[in-house]
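A.B. asks: My questions all concern the structure below.
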Amino acid sequence: MEQAKARSDKNHDPRPQHEDEVGDVPRVRNLLLRSMCAVYLMAFVSFYCQAEGLYGDGGILPASRILANGTLKERLSLLQLAPFVGLGHGHEAIDLLCLVGATVAFLGLISRAHCRLLSFIVMWSVYFSLVQIAQSFRQQADHLLLEAGFLCILLAPTRLTDRRHPMEAIALLLLKWLVFRFMFASGSVKLASGCPLWWSLDGLKRHYETMPLPTSYSWYTYQLPDAFHRVSTIYVYLSELVVPWLFFAPSRTVRRFAVWWHVFLHLNIIGCGNYGFLSPLVLTLLVSLLDDEDELVVWVQDRLAVDDTRRRAGRGRTAARQMNSTDDAADRYGGRLVKAISVLMVVGSWLCFSVGVSKDDGQLTFQPTFTQDQYLNVMQTMVRAAPLLVFVLLVKQFLKLLSSQDSVGSLAEGMRQFSKNLGLLISTIVAFTVFFMSIVPHSRLLPSTAVTSPVMTRAYGGLHSLYVVNQYGRHLTKMRPMRREIILEYGDELNGTWHEYGFQYKPWTVERAASLPYGWLHFPRFDFKFYDAAGSKSDAQKWIYPLVQRLLDHQQPVLDLLDSRHVPAEAPRYVRTSLYRFAYTSFADAAAGGFWTRERLTDYFNVFSREDAHLRDKLRQMNFRTAAEQSASGGGGGSWNWLLRWLLDAVRRFVGAIEGSYLLIGLFVAAGMVLYTQQQQQQQRVGQST
């Protein structure tokens, strides 16, 4: 009884609690959540910039078509509530969701007060609703963001506090498992596919030329010697097959080594291609590998903190380091371990790829010393071992969570403890369920390791329908032998001159100024989708039929997705799609001003006109209505809230004048200025109080 009374007195005494909190600031959690808000901001703004042309009533794939005629799973979206606020299913409702999500993300980025559980529930729900209507323009980055966002719901604090959450360690471990699955899947499928380019170590060089939306950085990198590209390919294999195992190392130094290794990798990916928020999201997930006392985490946290948290953390830093002295002692060999790992990777790569020097020209030569069957055997062991390792670590964290629970000395304390433990129990069940279901897509990396249990596959299907658990690694399995591009052309005579529509981000011309633009953090879904279409049969790309119809109708929202300098002033009579072969120029050829050479191969689609019967049949099969049919049926029903529509249209007219990448850069600059102003004001208040 005396011990229970002492604990009760301690719980009611704010001073000892404050002293305990001083050295227990969850900096990694705070930094990761703030970074996730930044990624959400990129995703919402990018979606908003293209929403009207892709999903509006005058867009390529109107959202109303899915919300009215789709399956129950497809119709599960917050957009179904749009009529209750006086908006239909047009682009105004989508704009509202995008602006709400972007606002919550921006507030979470600039203020820890808004970076909590409710905010992440709102952002996940809104983005899930948007991905539901993405249809053919849905990408892998959307799946990864929704899965990471769901895990952040488990990580985010409920109240405005810096105290450590009991679920924090489990949530961070699941985030490590997620980034491990993503990177390991990206690497394992390359050699498992049997693609000769990946086995000859020429895959990365071909990737620079055939990636979805290359930049000028990829062109310059492509010009480097072949030996450099083969060494770089080995570096990619190490990054995706070896280094991810270091994510779970007990040594802080080893994990930091893995973080910086992947930071270098993804900075190069950001420079080479316009992948939008994908690489920033992976970099955010890598924060889960760091410790609260890591120098980088402490430095960032000190500059993000604008309340008394920084002062409390500063006073408690010495105490925290003393508490972590055991960990530091255990990690005193971390530097030597990193050196040993580096030597092993170099020696292993040298042996596995038989690195040598050619006697003819003195160039480095590479030849894999293992067969595909040997590789698959090793991969089977690695695929099966990874979930077992994570399960052991999860059980360890769960037992630690149980041991940290206090005993109770009264009925009131028991009720409070019960309500607290009930929330922990639900969160723990959700966490373990997500982990076990994630084993299903992870096991599918190889046919021989795939889980065949109908119970687990059905349960995974249910979670995958919500994008809580997803499968990765389907890209870059087999490199394309050459780059093909779809070019849209228009004309007024069948045998007359054909003119090309211009694109904002994808290659379409040989002119240097317009061939390799940077999208930076903006994700251009429209241009990105042409990469998938060029590598598949035309019948599989049904979205091109509505695109052609919108071009024939001269719909402005769709024309805004294109380069405005290369669109006709009036609606054309005919539209066709041509398939071209693109290839990088050399340094000598580029002196003339071009990054590309191109050659027309064939028609991708036949010539279409408004009266084309085949086009009308295809649109009818898709339940697609032309502009004339929408006007005849009185489109826009249910949009009675004219004031909200006027406000949303005013925002779109203002924002529409700014290119997506510049809009995002402007928002992040504004966020930085707000954080800087808050910090200066806090320093002034501290100086005055002193």
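Here the Cβ of each residue, glycine as well, is placed from N, Cα and C on the backbone.
Model, not experiment: these values are computed from the prediction.
Sharing the feature lines straight out of TrEMBL:
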REGION    1-21  region 'Disordered'
TRANSMEM  31-48  transmembrane segment
TRANSMEM  93-110  transmembrane segment
TRANSMEM  117-137  transmembrane segment
DOMAIN    139-293  domain 'Lipase maturation factor 1/2 N-terminal'
TRANSMEM  143-161  transmembrane segment
TRANSMEM  173-199  transmembrane segment
TRANSMEM  227-248  transmembrane segment
TRANSMEM  337-357  transmembrane segment
TRANSMEM  422-443  transmembrane segment
DOMAIN    468-605  domain 'Lipase maturation factor 1/2 C-terminal'
TRANSMEM  654-676  transmembrane segment
A.B. asks: Can you tell me which parts of the same chain pack against the transmembrane segment (422-443), counting only residues 6+ beyond its ends and a CB-CB cutoff under 8 A?
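C.D. replies: For the transmembrane segment (422-443), the sequence-distant neighbours (Cβ-Cβ under 8 Å, at least 6 residues beyond its ends) are 150-151, 154, 166-167, 170-171, 174, 177-178, 181, 185, 383-384, 386-387, 390-391, 394, 398, 401, 449-451, 456-457, 459-460, 463-464, 468-472.
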A.B. asks: Near the transmembrane segment (117-137), which residues from the same chain, at least 6 beyond its ends, have a CB less than 8 A from one of its CBs?
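C.D. replies: Same-chain contacts beyond the flanks: 33, 36-37, 40, 43-44, 47, 54-55, 61, 63, 66-67, 74-79, 94, 97-98, 100-101, 104-105, 107-108, 145-146, 149-150, 152-153, 156-158, 466-467, 525-526, 528-529, 541-543.
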A.B. asks: Among 93-110, 337-357, 654-676, which stretch has the highest count of C-beta pairs below 8 Å with the transmembrane segment (31-48)?
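C.D. replies: Top-ranked stretch among 93-110, 337-357, 654-676: 93-110.
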A.B. asks: Same-chain Cβ contacts of the transmembrane segment (93-110) under 8 Å, 6 or more residues past its ends?
C.D. replies: 33-34, 37-38, 40-41, 44-45, 47-48, 51-52, 55-56, 63, 78-79, 82, 85, 87, 119, 122-123, 126-127, 129-130, 133, 644, 648, 651-652, 667, 671, 674-675, 678
A.B. asks: Considering every residue in the domain 'Lipase maturation factor 1/2 C-terminal' (468-605), what is the mean pLDDT value?
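C.D. replies: Summarising the domain 'Lipase maturation factor 1/2 C-terminal' (468-605) by its mean pLDDT gives 90.
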